[in-house]
Amino acid sequence: MVKFSKQFEGQLVPEWKEAFVDYWQLKKDLKKIHLLNNNNKNTLIKHSHHNSLSSNFLSSLKGGFSLFGHQHRDHEAIHVHKKLASSASKGDMYETELVEQFEDSDAAKEFFSCLDLQLNKVNQFYKTKEKEFLDRGDCLKKQMDILVELKAAFKQQRDKAANSALDSTEDASIDCRISCEEDSVTDRIEQEQIQDDSTDDLEKNEVLDSPRSEEMGKSTTIMKREDRKLRTLSGRVFNCQGKNLRINIPLTTPSRTFSAISYLVWGDLVNQSSNNCNPEGSKLRINKTKLHHAEKMIKGAFIELYKGLGYLETYRNLNMLAFVKILKKFDKVTEKQVLPIYLKVVESSYFNSSDKVMNLADEVEDLFIKHIAEEDRRKARKYLKPHQRKESHSVTFFIGLFTGSFIALLVGYVIMARITGMYRQHPDTAYMETVYPVLSMFSLMFLHFFLYGCNILMWRKSRINYSFIFELAPTKELKYRDVFLICTTSMTAVVGVMFIHLSLLTKRHSYSQVQAIPGLLLLSFLLLLVCPFNICYRSSRYSFLCVIRNIVLSPLYKVVMLDFFMADQLCSQVPMLRNLEYVACYYLTGSYKTQDFGYCMRAKHYRDLAYAVSFIPYYWRAMQCARRWFDEGQINHLVNLGKYVSAMLAAGAKVAYEREKSVGWLCLLVVISSAATIYQLYWDFVKDWGLLQMNSKNPWLRNELVLRRKFIYYFSMGLNLVLRLAWLQTVLHSNFEHVDYRVTGLFLASLEVIRRGQWNFYRLENEHLNNAGKYRAVKTVPLPFHEVDEED
């Protein structure tokens, strides 16, 4: 049977862990009482001089009297006082007074003091979150009412157009009039932005110990009006169905970005031509596409609100169970009956007696079924209550099967390569130039994927909510077993094909007959990646392709955590990308037919492409930083952009030195790479990992740590420093004895992949702790419609 403490830790909301009952501290206090009671009992036994018969007789009488006394007790062991708090936001406060004498009164007072503190903390946090969700629910109801009205008006307009038989290729749209309230609306937006920023900046001690301050946003710098207009497809107020409304569509796609830019340009020209609005105003058309985007945003907000209400219900149930469990343990240790007394107080407290959350959850479900799921309850539950994919034992079986097959094939391949001398200092040049890049490319890619599976396993063990951070759908995300299965299956296929290919070469088959095999292997993986059939994790494959699309077009797409996290992975896979470029050139130009493997190195345009591939991942990442600065206005993103610019310069200097091998390029490479390494190490330790905090209670680390052993952090920092200096091999030209230089390059590239795998864990740990510090367990979805009062 699983201990309750393990069950409690496994089911609580990770970002709200500090707001839950500190069950472990209460157990420590209870253990102290238990040890003191045992010491007192041992002392009494030593001083007892009665004979065994009379002692047993008296103890039995005492036990019967004790049992009778528990049933007919005239007074209670404790009394819980209910006090009014100094602030209305804190609610009622509870304080326990000991009425009966305990064997150790000081320890009992300390226990109940901690218990009261936990009850007050739970009540206050529940009340704060309940108010937050209720306000969000009221706002969403208004959003839904506006959407329903606009959809009805759109349908009416479409029917009117159909009845009038107008021949038009344009979509039907609602004709609205733009009012002259743009400036006032902008001020309102800025005030809302200030309020949102101040809410996000609340630390956890402020959430638990003090009410929300109304003046926190006064010191926030107001963004410029043009910046705000660019960041949303809005800025204008329109009147529809008797209401002044503003529609906000975030710039998440290229089309919306270009629309916002054109709106800014043409809007300025229009404003210059007409300073005063005429009574008719200008026309704004809201078509089906805009309504679809607005409905999608409201749908996402409803899903997140429902998820948050579910978390709050879990918070209520787990805390109630924790109080019951710890009070039972107290009664067992002290042989008092405190449970029914204190439990009565807990049951009547705010977090357990309030039913507003359950009522709102039912209301949200009804609205979702009626307006979004089109009265389809099963469809609504698929979104609101998605089922987790069950882990099958067959996955574990196949992981073991393919792992054994991979090891056997790898040993066979290594033995055969050793016999034929393929990897010596003077190997078969044709094999190393044409086949080895394919093997190297797959090895780096699936090593990285294997480390990602290890990251998922460690994040789960450490209760880091990676699914929430990456915004992964619970029904589609890959578990660590799925990742390991993909790695073992793929590498078994790769090594198997390489083994067959090398076997054919040793049997004196010509290169022209077997040279297409590595190319066909690469082509089969690419076809599987884009396969439209629902096999081999189709949803995950398509999500991966969407992320790659967002990275390639990064200035035009809104950047989320998963996008820039994946772009960082590509920055560690530059050798793999260069191998991919070379293999693609070799097969697409038909060089494999003539064995002319040097063509791609001689042709100038392919050499330039190889030069570009070396720094294009850093360019993508820099563009993401620029876009985040554009969206959020934080100067840190520009500083981060400088880091990737320095990495681009270092990569360019490395490629130039590999071509020229001159002293000038060597000096430039050392200077630029050293500066880039220092820049990257600072950002790794301070910004990405959140370490090296001077005033931390953990020297050179941070206050909050997920891992218990501190030396792991120091070791990881040292390892990251050493692996960041792998570029020195370019200067030192160090190779393993009797091994081809390409094998040394693969080894160094593998070290960078391992460094990235280690970096991933601490990066998400820091992100998780930031979310936990602000109790951010659900995503805040922007809402499309904002109603504007006429007096504004």
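Every residue, even glycine, has its Cβ placed from backbone N, Cα and C.
As annotated by TrEMBL, compositional bias 'Basic and acidic residues' applies to 201-219. Summarising the annotation, TrEMBL assigns domain 'SPX' to 2-344. If you look up TrEMBL, you'll see 601-792 marked as domain 'EXS'. Residues or ranges marked as region 'Disordered' by TrEMBL: 190-219. The transmembrane segment annotation in TrEMBL covers 395-415, 435-459, 480-504, 516-535, 663-682, 711-732.
Counted as Cβ pairs under 8 Å, contacts with the transmembrane segment (395-415) are highest for 480-504 among 480-504, 516-535, 663-682, 711-732. Long-range contacts of the transmembrane segment (711-732) within the same chain, counting only residues at least 6 positions beyond its ends with a Cβ under 8 Å from a Cβ of the stretch, are 650, 654, 657-658, 666, 669-670, 673, 677, 680-681, 684-685, 691, 700-701, 705, 744, 748, 751-752, 754-755, 758-759, 762. Outside the transmembrane segment (435-459) by six or more residues, the chain places 466, 478-480, 483-484, 486-487, 490-491, 494, 498, 501, 518-519, 521-522, 525, 569, 572-573, 575-576, 579-580, 582-583, 742, 746, 749-750, 753-754, 756-757, 760-761, 764 with a CB less than 8 A from a CB of the stretch.
Looking only at the domain 'SPX' (2-344), the predicted model's pLDDT averages out at 69.
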